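According to TrEMBL, the features are:
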- 7-28: transmembrane segment (TRANSMEM)
- 34-52: transmembrane segment (TRANSMEM)
- 59-75: transmembrane segment (TRANSMEM)
- 81-101: transmembrane segment (TRANSMEM)
- 113-140: transmembrane segment (TRANSMEM)
- 160-177: transmembrane segment (TRANSMEM)
Amino acid sequence: MRNKRTLFMVEVAIFAALATLLDFIPIFKMPQGGSVSLAMVPVFLIAFRWGLKGGLLTGLLYGIFQIIVGQAYILTPVQAVIEYGLAFTLLGLAGIFAHTVKQALINHNTKKFFTYVTLGILLGSTLRFMGHFIAGVVFFAEYTDAENVWIYSLVYNASYMVPAAIISALGLGYLFHKQPRILLNDQEQASYRAAARPKEQLN
């Protein structure tokens, strides 16, 4: 039990740091600001691997690391809590579907597996987007010349969140499907292999 807890904490810390590092390596930058990267992938990976607790903690650490390394844009303490505490933490709610995703993978139910990976990432990404969107409307209104701050915040945040969510869903779905051991523990991997034997015998 102690070894499992240690492994949990180590993986959470490593993948939160990896998310922070990936934020420095954008796939592409948006014209109006913001960039698309693979930074959410490590958070979602831990959320599906360890469940809700792992996902929330990794997301929270990722947000904190953003502040520590100077990636955060902070105007007020409340805005900092919403954007870099709450919004990043909410990515971890993808972990709600961790058990369903694992069982679908173990049972080789590909359609269900990809559906719930996508739903988990959609949930986490949408909630993170809402945090940034609300912060943009409430706190950035006086700092921009945009006539409609609602539209400004919507377009700005959606411009990088939507592509990042799509990339995360496609990338993680493919990765888990091809390399189940990344998602499954030893016992779950044994169940995965056992479920595959009847199909192999039929062939």
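Every residue, even glycine, has its Cβ placed from backbone N, Cα and C.
Unlike curated records, TrEMBL annotations are generated automatically.
Computed from a predicted structure; not experimentally measured.
Beyond the ends of the transmembrane segment (81-101), by six or more residues, the same chain brings 40, 43-44, 46-60, 62-64, 66-67, 72, 74, 112-113, 116-117, 119-121, 123-125, 127-128, 130-132, 134-135, 176, 183 to within a C-beta distance below 8 angstroms of the stretch. A contact between the transmembrane segment (59-75) and the transmembrane segment (7-28) is present, since 3 or more of their C-beta pairs, 6 or more residues apart, lie under 8 Å.
Here the transmembrane segment (113-140) has long-range neighbours at 40, 43-44, 47-48, 55, 59, 75-76, 78-79, 82-83, 86-88, 90-98, 100-101, 104-105, 149-150, 152-154, 156-158, 161, 164-165, 168-169, 172-173, 176-177, meaning same-chain residues at least 6 beyond its ends whose C-beta is under 8 angstroms from one of its own.
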